[in-house]
């Protein structure tokens, strides 16, 4: 099992401060398109770093208002190579990577100061109390896979071709990670990282490697503070949590999609059953309490989810806690016979 250090301890401390769980945000591209952004581009949501940063800020705010503790930057598909293919210089590309973090920080500042004016800012009394109490509010730098840069759907299969070696992948990611690291160093911030994997069958990652082996590798890295699953059908998540928990004691993060299947050729999401992808989708929110009970401590959404999903996740986690507390109370008072 992995050893704790400053990175691991920081995440565990944040989880304790928040009551044992944190809510991660939902899909960014889905919401940007809902607000009118044109994402028909290999840069996908990262295109808005240039064309519509105000929309990114708005989506971040909607998620915070809906109950998210963690917002992820608009950088999943933001790569220096991708920017350069669009005529953006390396220096400008690095500035855009840093800008993705700054936009999220701006949204956080607006939220913390109570200046949100969006549709999710009008919380009911219970949600408002929880929102103020459940700190910290965190920004996570999103580092997408090599397949995200290719924009051909290969991040869902792990098939990058034999010419793409481990060293090539390391070189591809290196400068992007260095840019984020430099920003953290400049502000004397030390933060944890998490690794997440996708799965189509509930047992293996997209590459075909067993999820337990992938999780064990992540567990062995001292700078990785959490391990989990993203963009995977909700019906597979419970079993994956149980599998991952066998090889790590680190916090487990899950942020599934809605259960639909992405068709790379048409760049559309379709019903999984209709696409030959197996059983129909599982109701997302009804599973949250079960995932929490199985061991997930960071829960959010991926593709096709939105602020309404995140609000429902936050409420489901609170209800799961209340149910667990009620069970504990019942255990303290054993039944007795009344004579």
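Note: Cβ is positioned from N, Cα and C throughout, glycine not excepted.
According to TrEMBL:
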BINDING   231, 302, 303  Zn(2+) binding site
DOMAIN    10-317  domain 'Hcy-binding'
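Cβ-based neighbour count (10 Å, all protein chains) for residue 231 (Zn(2+) binding site) stands at 20.
Highlighted in sequence order, 27, 198, 230, 232, 255, 256, 257, 301, 304, 305 have their Cβ within 8 Å of the centre of the Cβ atoms of 231, 302, 303, the residues recorded for Zn(2+), and are not part of that set. Each of the binding-site residues 302, 303 was assessed for Cβ neighbours inside 10 Å, and the highest tally belongs to 302.
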